[in-house]
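A short worksheet on the structure shown next.
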Amino acid sequence: MNAIWIAVAAVSLLGLAFGAILGYASRRFAVEDDPVVEKIDEILPQSQCGQCGYPGCRPYAEAISCNGEKINRCAPGGEAVMLKIAELLNVEPQPLDGEAQELTPARMVAVIDENNCIGCTKCIQACPVDAIVGATRAMHTVMSDLCTGCNLCVDPCPTHCISLQPVAETPDSWKWDLNTIPVRIIPVEHHA
């Protein structure tokens, strides 16, 4: 019985010693991240879709900050994200990249044919923004307001019941061009 307690104590002391060494090493040799990269990464939509030419949002943020990559390549984020990054970096806003511009006018969302869905959860695992809900062996559905249209859920589906469809434009989703209507400011005099 004494041998068991000695072994337990020895393993516990070794675990404590190695934990202390790892804790010290993590603080001593810590590498600080670039705060600009962190801020750009927070602005990006985190869809990890790869439409910008990078494998995810973090590598694209690093390329913008460190390599001077264009700020207009995020198709899911569109113009709103580009304007926020331009404001953060204090640079001139750029028109959307040609590839991104082609993708942004017709916003696409995933639609699941629920009659053919077998509930395998492969689409849920593939979705980077958790826009698909459902349980194992039950039909799944897409929350269209969260879907970025990244197309990552289509290929894993074994029954091919997922397709991307354009979102119908409404007054809320329409991109209004406010520069086409000239607006003149009329001074108002207040009389007391």
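For all residues, glycine too, the Cβ spot is worked out from N, Cα and C.
Per Swiss-Prot, region 'Hydrophobic' is recorded for 1-26, and the stated evidence type is sequence analysis. The region 'Hydrophobic' (1-26) scores a mean pLDDT of 93 in the predicted structure.
The domain '4Fe-4S' annotation in Swiss-Prot covers 32-91 and is backed by sequence analysis.
For Cys49, Cys52, Cys57, Cys74, the entry in Swiss-Prot reads [4Fe-4S] cluster 1 binding site. Under the three-state DSSP scheme, Cys52 ([4Fe-4S] cluster 1 binding site) falls in the coil class.
The feature domain '4Fe-4S ferredoxin-type 1' is assigned by Swiss-Prot to 108-137.
If you look up Swiss-Prot, you'll see Cys117, Cys120, Cys123, Cys157 marked as [4Fe-4S] cluster 2 binding site. Taken residue by residue with DSSP, Cys123 ([4Fe-4S] cluster 2 binding site) is part of a helix. Non-local contacts of Cys123 ([4Fe-4S] cluster 2 binding site) by the CB criterion (under 8 A, 6+ apart in sequence, same chain) comprise Ala110, Ile112, Ile132, His140, Cys153, Pro156, Cys157, Ile162.
Secondary structure at Cys147 ([4Fe-4S] cluster 3 binding site), taken from DSSP and collapsed to helix, strand or coil, is coil. The Cβ of Cys147 ([4Fe-4S] cluster 3 binding site) has 22 other Cβ atoms within 10 Å, all protein chains considered. The [4Fe-4S] cluster 3 binding site annotation in Swiss-Prot covers Cys127, Cys147, Cys150, Cys153 and is backed by sequence analysis.
Taking H, G and I as helix, E and B as strand and the rest as coil, DSSP gives the domain '4Fe-4S ferredoxin-type 2' (138-167) the counts 0 helix, 7 strand, 23 coil. Swiss-Prot lists 138-167 with the feature domain '4Fe-4S ferredoxin-type 2'.
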Closest of Cys49, Cys52, Cys74, Cys127, Cys147 to Cys117 ([4Fe-4S] cluster 2 binding site), Cα positions, binding-site residues only: Cys127
For the domain '4Fe-4S ferredoxin-type 1' (108-137), distant same-chain residues with Cβ under 8 A (at least six beyond the ends): 45-49, 143-144, 146-167
Site with most surrounding Cβ atoms, counting all protein chains shown within 10 Å, from the binding-site residues Cys57, Cys74, Cys150: Cys74
Within-chain partners of the domain '4Fe-4S ferredoxin-type 2' (138-167) [C-beta distance under 8 Å, separation at least 6 from its ends]: 45, 47-49, 51, 76, 106-132, 173
Cβ packing number for Cys52 ([4Fe-4S] cluster 1 binding site), 10 Å threshold: 24
